[in-house]
Structure formats: structure tokens, C-alpha cells
């Protein structure tokens, strides 16, 4: 087997501002694993929050390339619990995991979810993220999204306009499900105060309202509000989820945060075993980066897989979503193909 990679920029249609940062684009790396004339692909994206830059990612890939080449075939690699990518950053690990799943499923002639014995969760609605913009701008975007077919909107929070923004979005989209995401930008007391003030706006769930690192504060909030509290940054591993058992309503699983499909399936099993709901989330990435999580949507209550929809040009296609609904094509592997848009250093083999 041979591991190769190529980097390229991803540019957002418009900058996305959240409570801790603003982003207009990011670097991506397409990861390819080749074996006997068949290729599997995955994608990682750089992340300031996860401390993953392009140099770190490429160095990690170079460090595991030789060890991957030692495996006789991708099936053996996929079945090995001591994967050679175990010590690399989770975003890199997730891209490698996706590429190997894609390759094995292509060789078997089945979609990834079928390879894993999972149901096809599509067609499924996805949330669309509204950043920290003025309330009137958020309302205008909400009206456009609802007209396009979206039924779930995620509203970012963490500035002085939070209450007015949610009110404006609710007025513009009276039937939509609203998810609220302060990205850890609130205090515990502020969370309770704002959620109480937003009662009439029917918030479906609130993600990680307080800074990560103090899961007891999440539990304190969850015990005092009827709005389901979903842990995000505080739920990166199986151990994290076990510590949160009985404390929160759900966990947000991002494959780039936990390390890929294999790790996400384990976390889902643990979370559902503790009667916690699952949200599947994402970073801003192309359809190639989103696709692995789409194969897990049959096990999620909330689906927030809109990263590819935020791009000016998506270099991959195959998931849809522009009408608010994700669909898998049923083709072998991850089910996405290159479009040529953005030219990610040439078409994959």
C-alpha cells in the first residue's frame, strides 16, 4: 500500500464568525491510500483550535507512511486495533481512517455504511450554521434557507446580540428547529438567563454553552434548564462521554475531533448505552471531509453536516445538501467524486 497526500485551500462563501474566532478559509489535505490499482480518499483541514496546521499535518502523515506500507492489504490495516496512526493528531487520524474505509469499501463494491453493517441514514436533513452576524442579516439568511428547504438552523451565539439574533431567526423561520451554539462563550449563569429569555423561541438544544474543561458546569446547567444540553469540546473521547453520563442530554461527535469513523462508532455505542442523544457535527471542509460522518447518520438525533455548504467552491460532490437534505448515492466507498472546482492539486486517482 502507498500513502500520498496533497494540500489545497478551501475558501468560504463568506467569513464565519463565532465566539472565539472568525474564519474566511482554511487549508485542506487530501489523503490517498492506494492498493492494487484502487484508491481510497480522506480529507483533513487545519484548525487553530485543535492546534493542527499544515506543517504538523504533513509531518504526521510522513511519519506513518512507511508503517502503512508494511501492511499486506487495507483490510488488514482496518482490522488492526493498534493502527499506526494511533499517535497522530485526531484530524490526521480521521482522514487516514476515512481513506482506508473508502478503499476497503470500494474493493468490496459497497458503500461504507453497508461495509460496517449500518443503515443508510439518508436522505436526512442537515442543520445550516448562521454565524455571529447582525439580527437582520441572520433573519434574511434564515428566510432564504427555509425557502430552499432547510428545516434545522444552527445559530451561533456569544456576543451582545444573542437574544435579538435568536428572536429574529425564529420570526423568520417559525417552523424550523433551532440549535444554539455559543462555542463555550457563555458563563453558566448567563446560559440559564439567556435560555430562560429564549423560552418563547423554542430552542431545540444548546451546544457547549460554557468553556470546555469543566464538565461539572455542564451538568449544573443541564439540571437547571429544560433545554437539552449537548457537550461538544468536552466530549472528544470515550472516556469523556463516560464522565458525562447522566449529566447532559447528548454529545456532539465530530470525526476530526475523535479520530474518525472507527472512534466515532465506539463513542456512539457508549453514548447511546447511557441514553445520551447523538449529534453529528463537522468542521468547515469539503464533501470529501463530510462524507464519512454522513455514513453514520442513521444513528444520530441531530445532524449538523453543513461544512461543504459553506464553501465558495467544493472540490468534491456527491452528498447534496443545498436543499437542506443530504443524500448518499449508494455507490461503493464514501460515495463522493471530484468536481474539479478549486482543483485540489489534480484529480484523485
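Placed from the backbone N, Cα and C atoms, the Cβ positions cover glycine too.
Automatic prediction, not curation, is the source of TrEMBL annotations.
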From candidates 232, 234, 240, TrEMBL puts in the same Mg(2+) site as 181, 207 the residue 232
In three-state DSSP terms, residue 232 (Mg(2+) binding site) is classed as coil
Residue 156 (active site, proton acceptor) falls, by three-state DSSP, under strand
Within the same chain, the residues at least 6 apart in sequence whose Cβ is under 8 angstroms from that of residue 156 (active site, proton acceptor) are 17, 18, 19, 129, 130, 131, 132, 181, 182, 183
Taking the centre of the Cβ atoms of 181, 207, 232 as the Mg(2+) site, the remaining residues of that chain with Cβ inside 8 Å are 179, 180, 182, 183, 206, 208, 209, 230, 252, 279, 281
Here the 10 Å Cβ neighbour count for residue 207 (Mg(2+) binding site) comes out at 26
Taking only the CA atoms, the spacing between residue 254 (active site, proton acceptor) and residue 207 (Mg(2+) binding site), expressed in whole angstrom, is 13
Counting across all protein chains, other CB atoms within 10 angstroms of the CB of residue 254 (active site, proton acceptor) number 24
